[in-house]
Every structure is written in structure tokens, then in C-alpha cells.
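Asker: So TrEMBL lists these for the protein:
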type	residues	note
ACT_SITE	Asp96	active site, charge relay system
ACT_SITE	His132	active site, charge relay system
ACT_SITE	Ser273	active site, charge relay system
COMPBIAS	121-130	compositional bias 'Polar residues'
DOMAIN	87-169	domain 'Peptidase S8/S53'
DOMAIN	234-309	domain 'Peptidase S8/S53'
REGION	121-141	region 'Disordered'
Amino acid sequence: MKLLSTHSNKVKSFWLTNLVYVKDADTELIQQIAEDDQVESITEEQIAHLIEPVDMKNVEALADEHQWGVVKIQAPEAWQELGTLSGEGVIIATVDTGVRGTHEALKDNFVGEYGWFDPSTSTPEPTDNNGHGTHTTGTIAGGKGIGVAPGAKWAACRGCASSACWQSDLLACGDFFACPLVLMDPAQTAAKPQMSSPTPGEVVEETPGTMKSLRVGMQLKSSTFSNGNSGPSCNTATLLLTKMSLLVSAPGSNVISAYHTSDTAYVSLSGTSMACPHAAGAIALLQVRDKNLSYVKAKEFLLGQADKNLVSTGRTCEGIPDNEFPNHVFGTGRINALKSVRAQTLAMQG
């Protein structure tokens, strides 16, 4: 648009969503843009805020064993079902606060070139000033016993410069993961990551409007989003994408994973942001044998094989007790990576 040519340093174009972002537009400029018949609508930028995890505890010494959430969803048994593969050949992608790329549990499986983008501060290498993104990425694909799919490679985009996630940054991450080289080297083309955990979080907990923008922008094969609960009680979900408060549940309490404060730092955190990466890791395992796994099939394997022999909380939300499935406490149940992979095996055989 010729009108915006004089504001070029404050204008960003998002090609996937056909949106133009204009920073610091005054009333006069907005009125001029509104008069252009090529413009469908003008909206103010949304800012999503991370719902901070709770119960943070520093881990002085990491036990030489798989973390409890990895064990609970039977990820190690799923690796055996896959012929000892634990995510090899799959690239996972997170949109979060970044990742400490030098962390001992993550440095060896960073995808490398074209695997990192920072739309807000343009850091050349993966970094994280918050810790949220390092923790969630570790649960998906970290080594040292913390990851569900430690054989997978990881890529990341800093959609949240701090605990705030600007819509323009999230949209830029969508463009990046759809084709990293368009942003970083337009003369080339690139393969897409197979799946993501945008922690809007997942990677990032976000408002529905910003979530919609991110989901439209990220043309990935499977995406997972945390529900953004502010607590375990009824009516605490902040992100409602379905009639149920959540589709499925996963381990999310006292989850130990990597942290951003040093290359050997680990902390225990609790929240839906800790649960979602378990589901993302399980989908990565499903993609080991099917790189073209659709969202519909991934959902079918995860939800259809979810564990229902869960300890009841005694809560009844919206008239549905938590021992009747699906419900607003556990969704369809707790994910089980082994059962999901076995269901995939049967489907492939028959």
C-alpha cells in the first residue's frame, strides 16, 4: 500500500493470513487506511498473557531416571513398540518464551539452521529470558529423562518476549514455521516442522482471538494448545475451543524439566503448560512412522486411547461428574502414548 510507504519501518506484512501490522498508527493514519476499499477491517493488536505455572521448586540433582509424567503416559514402552525409536525423524516446534539452546538436555537435538526465529528482539541463537519455553520444550523432546520424544529434533520461535505475547509476534511465528526460509532466506524453500506445541502457549496460554490468529498462521500438521486454567476447580478454564472445558488431560503437576537459568538448571512446575507438552511429545511419537499424520488421526489416537481409570476428584462440573467421560475435569481421559501407538500399529496393519 502506497499509503504506508512512509511508515515502512513500522509496517509488517504477514503473508499467510494476508494481514498488515502497523505500529504506532495515529488517528489520522487509521482513518486514511479505513478509506481504502482493499481493507476489510482494522483491529487493535491483542496481547496475550502467560498464566504463570505454580509450585516452582528448584531441583538440586536430577535423578537418573525418566520423569514421572513420561512414565505415567507409558512413553518408554511406546518407544519399544516403535522399535526403540523415540521421535527420530520428527521435528517439533514450540511458540513460547524461547529456549535456552545451550542447555544440556536440549543442545544435542536442536534442528540447527533455520530452526530459530525471534521476531521481537532478533537474537541469532535460541535464548529464553523467562524459562517457560525451555521447560515446555524439554518435556516434549528433552534428554536426561525429561522428554516424551527425546529422539525428535526441536525448533522454536519466541512468540512471547516476556510473560506478554504480542499478536504480531505470534503471527510472525506462524509465517516462520510455515516456511522458515521465506523470512530468513527468501531465495530458498524449506520443509515444515511436523508438529508444534504452541505453548500460545503451549505454547502460550492466550485469548481466543490471538489463538485464532496463531492457528490460522501455523499451517502445521498437528498443533496442541494448553487450556490456560487458573486452577483445578470448575469454571477456571480461560481458553474454550470446544463445548468441553478440555479435550484430554496429561500429567501437569510437579513436572520436572529444563530451565533457563543455567545449562544444568531444572525446576518442578505445575500447570496446563506442563501437561500440554506431554501430548505434543506423544503426537511426535505417532509421527515417527507417519510423517503425514493428520490432525484428525492424531486426535483420534490420543483421545480414543486415553486412560479412564483415574482417581476421582469428586468434582461435578456443569452437571457431569468426573468419573463419567468426557467431562470437564479430565476431558476424554489421560493420554497414553503406548496405547495410542499400538492403536496406530493396528490401523496400519489393517
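Glycine is treated like the rest: Cβ placed from N, Cα and C.
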Asker: Using a Cβ-Cβ cut-off of under 8 Å, list the residues of the same chain that are 6+ residues beyond the ends of the compositional bias 'Polar residues' (121-130) and lie near it.
Answerer: 50, 97-101, 110, 115, 156, 158, 160-163, 260
Asker: For the C-alpha pair, I'd like the distance in angstrom between Asp96 (active site, charge relay system) and Ser273 (active site, charge relay system), rounded off.
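Answerer: That comes out at 10 Å between the alpha carbons.
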Asker: DSSP on the domain 'Peptidase S8/S53' (234-309): how many residues come out helix, how many strand, how many coil?
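Answerer: Counting residues per DSSP class in the domain 'Peptidase S8/S53' (234-309), I get 25 helix, 12 strand, 39 coil.
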Asker: Looking only at Cβ atoms, how many others are within 10 Å of the one on Asp96 (active site, charge relay system)?
Answerer: 32
Asker: Take the C-alpha atoms of His132 (active site, charge relay system) and Ser273 (active site, charge relay system) and report the distance between them in angstrom, rounded.
Answerer: 8
Asker: As a quick check of your reading of DSSP, tell me how many residues in the domain 'Peptidase S8/S53' (87-169) are helical, how many are strand and how many are coil.
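Answerer: Tallying H, G and I as helix, E and B as strand, the rest coil: 16 helix, 20 strand, 47 coil.
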